[in-house]
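Colleague: First the structure, which I've put down as structure tokens, then a few questions once you've had a look.
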Amino acid sequence: MDILNELEWRGAINQVTDEEGLRKLTSEDKIALYCGTDPTGDSLHIGHLIPFMILKRFQLAGHHPVIIIGGGTGAIGDPSGRKSERQLQTMDQVHHNEEALTAQMKKLFGTENFTIVNNYEWLSKISLLDFLRDYGKLFNINTMLNKEVVASRLDAGISFTEFTYQILQSVDFLHLYRHNDVQLQIGGSDQWGNITAGIDLIHKVEGPDTKVYGLTIPLMLKADGTKFGKTAGGAIWLDPEKTSPYEFYQFWINQDDRDVIKYLKYFTFLSKEEIDDLAEKVEKEPWKREAQRRLAQEVTKFVHGQEAVEEAERISKALFSGDVADLSVAEIEQGFKNMPSVDVENKKENIIIWLTDNGIEPSRRQARQDVSSGAIRINGEKVDDVDAEIDPQAHFAGKFVIVRKGKKHYYLARVK
């Protein structure tokens, strides 16, 4: 399938500057294309996957993706999608974030047929006088003010620093065209003004017939109208230390039936036939949640690898069944990260006293009732003897005791 046809089918195209010209170019030749990300944090999140999935599809089709780490622009701050001025980072913060993001991108794209560059390398060499003379003269203030990214900030105010961001991004496109043969820039729908500004700059400097293009991606909204990627608990990070692979897997498996097929098209490499088959299953047997499971498997595999998928599914199965005894210490750390936890002494104790003194049961009467009725499981085993003894050293290398009350309520006791 033609790459643009595939992107259209997957719902990944919002606007293209010259679709006919881009279609002709990509059908006749392999091109270099790019998108940029500023190092505002030390990890990518799932929002970054939106443009990166486009780059990855081009890469798999034989084209050459380039990613700019905005070491220069990141020190300035992109006003796109912002209602207020960004807080400037220190250069030490910027450099730390650059290193972390670079490592994550290499994991997603590999090292073959892929380039990472840092715009600090060329932007830092432009003096103020050169900037004003060589580039400032080529930008019309009226045109810049009419760009949505600037116009939306005029009432609240925008600093000259952020106002010049689109010039810097345009310089990036020109630099990559000259030095990396880049002919296409990819960005979110809020980047349209910055992308077209870059194309205009290239046409002014290199000639009006220069073949450069821009493509933006639709704003990703959930069926309820809220923005994709935002959760009550905050961002879903690609760094496994910030969002564990289990949490990452759970995010995807919990998607709404109304959204899951759209996400399968966008965030996986499954074929049209495979996705159509899953769409039919959502229609006929939604309670099986096969589409959600496949979505979670595919995206987790892409970001964290197959081993992380298997680990996440082991944790999920154990928590559902209550059979937690075979989980590793690392799996317990992941699976119980957001569950109630208590710190307990490393000593043997009667179960009734232990449950009550550690706040898992509100009273000894309630503890006796729950234990004698079989509602309490310790490390996966039912305990119905009120005279039983808890030994914190018995399982999980003496680090944890897992308590389950009823069918759904878990507590993680961390042994001091």
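Cβ atoms here come from the backbone N, Cα and C positions, even for glycine.
Since this is a predicted model, take the numbers as computed values, not measurements.
Pasting the feature list from Swiss-Prot:
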BINDING   Y34, Y165, Q169  L-tyrosine binding site
BINDING   K230  ATP binding site
DOMAIN    349-416  domain 'S4 RNA-binding'
MOTIF     39-48  motif ''HIGH' region'
MOTIF     227-231  motif ''KMSKS' region'
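Could you tell me the structural context for the features on the list?
Modeller: Counting every protein chain shown, the number of other Cβ atoms lying within 10 Å of the Cβ of Y165 (L-tyrosine binding site) is 24. Secondary structure at Y165 (L-tyrosine binding site), as computed by DSSP, is helix.
The domain 'S4 RNA-binding' (349-416) scores a mean pLDDT of 92 in the predicted structure.
For the motif ''HIGH' region' (39-48), the list of distant contacts is 69-71, 74, 86, 89, 94, 96-98, 100-101, 104-105, 228-229, 235-239, 242, 251: same-chain residues at least six beyond its ends, Cβ to Cβ under 8 Å.
If you look at the motif ''KMSKS' region' (227-231), the same-chain residues 6 or more away from its ends with a CB under 8 A from one of its CBs are 45-47, 50, 219-221, 251.
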Colleague: For L-tyrosine, with binders Y34, Y165, Q169, what's the maximum Cα separation in whole Å?
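Modeller: Max Cα-Cα spread across the L-tyrosine binders: 17 Å.
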Colleague: Can you check which residues sit near Y34 (L-tyrosine binding site), meaning Cβ under 8 Å from its Cβ, same chain, 6 or more apart in sequence, and list them in order?
Modeller: L55, P65, V66, I67, I68, F173, L176, N180, V182, L184, Q185, I186
